[in-house]
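Heads up, the thing below is written out as structure tokens.
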Amino acid sequence: MTFLPDDLSSLWQAIAGGILAYCGIILAVRIAGLRSFAKMASHDFAVTVAVGSLLASAATSDNTPLAVPLAAIAVLFVLQMAMTGLVSRSDRVAELVTNKPLLLMDGRAVLHDNLRHAKVSEDELRAKLREANVTDHNQVLAVVFETTGDISVLHGSADAQLDPDLLKGVARTAT
């Protein structure tokens, strides 16, 4: 195993490719907007993963012109913007391509069927409660498994009331 290639031109090509790909990504993100790397929905996450893969291949490939992965990245951003537009305009499209957030705890009550459906263990749930600085189950107002895979813990004092609007669109039972 060697550290440097026999032909240093491939090293310089990788450096130049990395710089150009980076500049291309910056330009594409400026055009497509901040949502380009958001993980608000599954299609956002898919674009983020695919862009990372394409960027890596652009920087390291000897035989693929840099324009090819950059064009693919541009297409992904256009598709993401189109999908985001469709989702915001059509409830039917949103229902087809977007997961619904799922309630994991309603107050101090753990919803075990929902935990199983979300494939979240009780240990993971407790870890999220600790991460949110919950010191007593009476502080928990709700725990939501978000569409991004994140777990949101809504908590407050024992007498705090949860605004129902915060749980609008959150599934109370797994389907």
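Heads up, the Cβ atoms here are built off N, Cα and C, so glycines get one too.
These figures come from a predicted structure and were not determined experimentally.
Feature annotations, courtesy of TrEMBL:
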| type | residues | note |
| --- | --- | --- |
| TRANSMEM | 12-33 | transmembrane segment |
| TRANSMEM | 45-61 | transmembrane segment |
| TRANSMEM | 67-87 | transmembrane segment |
| DOMAIN | 89-158 | domain 'YetF C-terminal' |
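Long-range contacts of the transmembrane segment (12-33) within its own chain (CB-CB distance under 8 A, at least 6 residues past either end) are made by residues 51, 55, 58-62, 66, 69-70, 73-74, 77-78, 80-81.
Among residues of the same chain six or more beyond the transmembrane segment (45-61), those with a C-beta under 8 A of the stretch's C-beta atoms are 14, 17-18, 20-22, 24-25, 36-37, 39, 68-70, 72-73, 76-77, 79-80, 148. Under DSSP, residues within the domain 'YetF C-terminal' (89-158) fall into helix, strand and coil as 28 helix, 18 strand, 24 coil. Across the domain 'YetF C-terminal' (89-158), the prediction's mean pLDDT works out to 93.
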